[in-house]
Amino acid sequence: MGVHCHHLLVSQFNGCRKGFYFCFHRERAVSLFWSLRFSEPFWAPQFKKDKEFLERLKHLCYEERVRAFGVCCGFLLNQHYNPAFVSLQMMKHAWDNYKRYAWGLNELKPISKQGHSSNLFGNIQGATIVDALDTLFIMEMKEEFKEAKEWVEKNLDFNVNAEISVFEVNIRFVGGLLSAYYLSGEEVFRKKAVELGEKLLPAFNTPTGIPWALLNIKSGIGRNWPWASGGSSILAEFGTLHLEFVHLSHLSGNPVFAEKVMNIRKVLNRLDKPEGLYPNYLNPSSGQWGQHHVSIGGLGDSFYEYLLKAWLMSDKTDEDGKKMYYDAVQAIETHLIRKSSGGLTYIAEWKGGLLEHKMGHLTCFAGGMFALGADGAPSDKTGHHIELGAEIARTCHESYDRTRMKLGPEAFRFDGGVEAIATRQNEKYYILRPEVIETYMYMWRLTHDPKYREWGWEAVEALEKHCRVDGGYSGLRDVYNNHESHDDVQQSFFLSETLKYLYLLFSEDDLLPFEHWVFNTEAHPLPVLHKDDGNKEENQK
Ligand code: DMJ
């Protein structure tokens, strides 16, 4: 079949200039012509409902019609699961506004149009820039990537008197810099990642080597969160350093980084685990568990994720990580996973043997994790792990679908006569989190069931309708309300994770294929260290 150029008068599609030239297969052009002429196109109801949405698309097509070509084509060719929409319409809006109102600061306040600073990064600056680098690269936003790189070269400074969260700085800054290096090959990112990694090392100066949560990167003095059970470190924090630290050793030739995280493994392996579960709190001085509170959401989540991904990233040589992951999943299934009377599978929290029938938005990442781990499970369990992933994805989709804004609450419950609904006012907010979309992306790649793209597109529409504001994207205070009350924060993870996972969900599978890349918990892709490339030592230290 030959490819022909057709000159279309796209009069019904006001968003694109009349006279756009489209090159595509003749048959497709003919059917498109008839569908435009005689039937209501699929997007018409959406546009009628939401004039503002159309106006924005129109603006995009007029102002940037060359770059917007993909968007217009996507819409016209009935491919509304369009990665170009995510990059050109969403990422660009988030980035441009950050640049306009908060350039060089950590995050953007999109309503008040100024910078937002979080004490997680002390006075290290530029969290949004570093978190967004790889997303810009993957989306081929070359100009933006260039300006971000220049900022890193000239301004990213770790010689500051700052008390930072070791976990947050690791996943966003170290992870972001490592990915930017691996994708672009630009030496500045490698150097900055290693420099920052070295600044984090004093956090491990504790009697057990379990690191402090907080560290002053000038004085090297560490401490734990004052609220954490008897001075404990947090499982999801000290358990979410492994991937980045193995890569730091790989890129610097200095084994110290990998040794630090391997020691965490050793400490954990020596401890008794109640019912095979890992409590969220561990005292770095005594090496004993704190409160027996177990969660696959906040405080626990990415520890489990990193066990699986450490094994995958080691080209499946890290047998220890593998065993710890599958043993943990077994215990989670037995003690935490339940089915509601309405048939929804959920992961409860465990407090000293009692279940709290609540699931956090954060916990929704586990659907993708179970599916990703299916391949390494004993052969009779592979299908079961995929099914578990699918069930969690469905439950998390329900938590979105049962709100007015079609975006999920921070936590939802399965008690007191409700299922997948937030009942407490302080759990009804949505802060642009990625976990549900992350799970859709994994489920799509691993099953190709079209419902995951449909659900992802529902999220796109909801984000555009309720979170997009003139000055960027904002979180919401109550997803059950009729009217938006914006929290006025554009989180850096919206650019690094939420938009990247949407983009990947609508892209082909050969963009960052799972055989070669694992994503850190902030969605920064890190390459698998293939054993035939002589990387075995780092993985096994
Ligand atoms: C991100 O910073 C990471 O995904 C982390 O593991 C959990 N929380 C946020 C996003 O919700």
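Every residue gets a Cβ built from N, Cα and C, even glycine.
Per TrEMBL, the feature active site, proton donor maps to E168, E410. Feature annotation from TrEMBL assigns active site to D301, E435. Per TrEMBL, the feature disulfide bond maps to C364-C396. Among the features that TrEMBL reports, Ca(2+) binding site is placed at T521.
Feature annotations (TrEMBL) mapped to structure.
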residue	record	Cβ within 10 Å
E168	active site, proton donor	21
D301	active site	25
C364	disulfide bond	30
C396	disulfide bond	29
E410	active site, proton donor	20
E435	active site	23
T521	Ca(2+) binding site	24
### Task
Measuring C-alpha to C-alpha, could you say which of the recorded positions E168, D301, C396, E410 are within 10 Å of E435 (active site)?
C396
### Query
Got a sec? Which of E168, C396, E410, T521, the recorded positions, have CB under 6 Å of any ligand 1 atom?
T521
### Task
Using E168 (active site, proton donor) as the reference point, find which of the recorded positions D301, C396, E410, T521 has the shortest Cα-to-Cα distance to it.
T521
### Task
Round to the nearest Å and give the CA-to-CA distance linking T521 (Ca(2+) binding site) with D301 (active site).
9
### Task
Looking only at C-alpha atoms, tell me how far D301 (active site) is from C364 (disulfide bond), rounded to the nearest Å.
9
#### Entry: the residue listed as 'Ca(2+) binding site': secondary structure state under DSSP, collapsed to three categories
coil
### Summary
Cα of E410 (active site, proton donor) to Cα of C364 (disulfide bond), in Å and rounded, measures 10
